């Protein structure tokens, strides 16, 4: 084991950057967080500044070290987890971004996706990548960038431009530009990776007109990709040794190591994943087949079924920033609890289209059932219920695809702290919901992958031992009431 005893988890999310420092018992000893700017240049467009993301990462690393009372030399390894699908281009030599990154929520390529579907390519895309043709994924974003950024394609064809999702950008910056890599979990979200070979697909790359020379090397989720160089708060030579997309890292952090084990993360969006073992399970119910992780460079690959809802916590942020009915996101729980029900108001959180299992990019958010008795409290409660009802749809699709029931539902992410939301989720699912003590399971998963890659741990069993439940929510709703909620929800979704 290295002399240093701590692992740093860099968790780069959609609205901000978290850094956590954990000891070898997986206890958090220091943490920090910093929001960064969301750019909305046009309706349905969402962008991030790559340089601002990196600046927030360096700031958070310094603050987390300070909060832990540690120095950079105390860090034995770094693990990364990240918002997936968000797409960036930068110059290979200088690291200068060619533009803002296009965020996973961005819908600007909806027309391009419609044309691809009309060409009849979606069945083949599903077969090769496990994904659907949707603006959500990196591939069409990358095509758009090459079509609209002057000179970008020619530079990429010469090998002068790097493409990367956020994990790739962070490793590039951490290693002083030495490593241009991604891991299998992030690569599986691009529309460009073959799920079977775990390599870039020439067929998909040709379909999307993506130059091969810009693509990063695909690696495992727990191995050394490079070492730190030129950092402000960390010495040179610390191994960057683990990475996974945020939802896969959360599945790992929730100790879902056996086929059939599942979790749902409530963050900006909400994402339900089920471990399906060493073979990919193809979906016929509108879900995605994705890579969960591969431990080591040549280890066994674990796959997952995923249901992705684009808007969860983001709906609460919209209530705060757009409608201005609350001052802080946590305030929504007290407002919603001030009424006994939603007053028959239903909210469909299609603020960025509808994701799985519907896949309707043209859908828009909807409040249904409003009358003169409706108050902002009813609307707040409907927002929380809408988040839970969309997860019910994902869980039903997952049961059909996997042939497995979900006997216990593990929840994590920031919005999982909301007791009203968690109770309603258990009610509409009709199964117990378990919330862990550590809600930031993405960071836990990233830290453990980094520690595995650097040799601090030699198996995932330590994370299973470290996992502890904080509270179990048992369903209380009567079946007939549940069916009424679901019927109203179904009608509202059809109108969205």
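Cβ coordinates are placed from backbone N, Cα and C, and glycine is handled just like the others.
As written in Swiss-Prot, here are the features:
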BINDING   14, 84, 85, 136, 246  sn-glycerol 3-phosphate binding site
BINDING   14, 15, 268, 313, 317, 414  ATP binding site
BINDING   14, 268, 313, 414, 418  ADP binding site
BINDING   84, 85, 136, 246, 247  glycerol binding site
(message) Neighbours of the glycerol site 84, 85, 136, 246, 247: Cβ within 8 Å of the Cβ centroid, same chain, sequence order.
(response) 83, 86, 104, 189, 245, 271, 308
(message) Considering Cα atoms only, can you say which of 15, 313, 317 is the nearest neighbour of residue 85 (sn-glycerol 3-phosphate binding site) among these binding-site residues?
(response) 15
(message) Would you identify which of the binding-site residues 85, 246 has the most other C-beta atoms lying within 10 angstroms of its C-beta?
(response) 246
(message) Test of understanding: give the count of other CB atoms lying within 10 angstroms of the CB of residue 14 (sn-glycerol 3-phosphate binding site).
(response) 22
(message) Which binding-site residues are spatial neighbours of residue 14 (sn-glycerol 3-phosphate binding site) here, meaning Cα within 10 Å, out of 247, 268, 414, 418?
(response) 268
(request) Write down the Cα-Cα distance for residue 418 (ADP binding site) and residue 15 (ATP binding site), rounded and given in Å. (result) 19
(message) On a C-alpha basis, identify the one among 84, 136, 268, 313, 317 that is nearest to residue 247 (glycerol binding site); the candidates are the binding-site residues.
(response) 84
(message) I want to check the contact list for residue 84 (sn-glycerol 3-phosphate binding site): same chain, sequence separation of six or more, C-beta distance under 8 angstroms. What comes out?
(response) 104, 165, 166, 185, 186, 189, 245, 246, 247
(request) Show which residues of the chain containing residue 313 (ATP binding site), separated from it by at least 6 in sequence, have their CB under 8 Å from its CB. (result) 266, 267, 268, 269, 329, 413, 414, 415
(request) For the recorded ATP site, whose residues are 14, 15, 268, 313, 317, 414, find every other residue on that chain with a C-beta no more than 8 angstroms from the centre of their C-beta atoms, and list them by sequence position. (result) 13, 267, 269, 312, 314
(message) Using DSSP and collapsing to three states, where does residue 14 (sn-glycerol 3-phosphate binding site) fall: helix, strand or coil?
(response) coil
(message) Can you give me the Cα-Cα distance between residue 418 (ADP binding site) and residue 317 (ATP binding site) in Å, rounded to a whole number?
(response) 14
